[in-house]
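Peer 1: From TrEMBL, here are the annotated features:
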DOMAIN    12-108  domain 'Endonuclease/exonuclease/phosphatase'
BINDING   Asn14, Glu43  Mg(2+) binding site
Amino acid sequence: MKNMSGELKITSLNVNGLNNPKKRKRVLRKMKTVGGDVMFLQETHLSKEEHKKLEKLVNAQVHSSSFHSARRGVAKLIKNNISFHFEKTKMDKDGRYVLVKGRIDNAEITLLNVYNFYLLFCRWHCQMIELFSPQDGSTVLHTNTASLTAE
């Protein structure tokens, strides 16, 4: 599970909305500085169409889940320099998680990106763990919210 330098760098950012073009540009610049081969974004607040536009902006595969209003939203960006072979995805209609299964260098990998402000409620979190527990022996990378300020 490596890029050309032999390592896989994963970054997780709570971007607190990317609808404003100026903020989106600042955050994307910050993401480039921080780096990462796989980037988990929470609270994107983007529609499905806007998430698609991220592919061109960051030169990456984008897998996302959107909410029907400018709230929630998660995205997983997998840089094109990673030999990731997509197999399947699961997401919810409420923009709280996106799961992607695939392969990197012939190793099975499951990438789970979750945004849920109410993760303190164990019932929901336990259901998530059960739902996404790998039955196939693949490696699971899971992230929850983190913080990023674009100032």
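Heads up, the Cβ atoms here are built off N, Cα and C, so glycines get one too.
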Peer 1: Within 10 Å of the Cβ of Asn14 (Mg(2+) binding site), how many other Cβ atoms are there?
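Peer 2: For Asn14 (Mg(2+) binding site), the 10 Å Cβ neighbour count is 18.
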Peer 1: State the count of C-beta atoms found within 10 angstroms of the C-beta of Glu43 (Mg(2+) binding site), not counting that atom itself.
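Peer 2: The answer is 20.
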Peer 1: Averaged over the whole of the domain 'Endonuclease/exonuclease/phosphatase' (12-108), what is the pLDDT?
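Peer 2: Taking every residue of the domain 'Endonuclease/exonuclease/phosphatase' (12-108) together, the mean pLDDT is 86.
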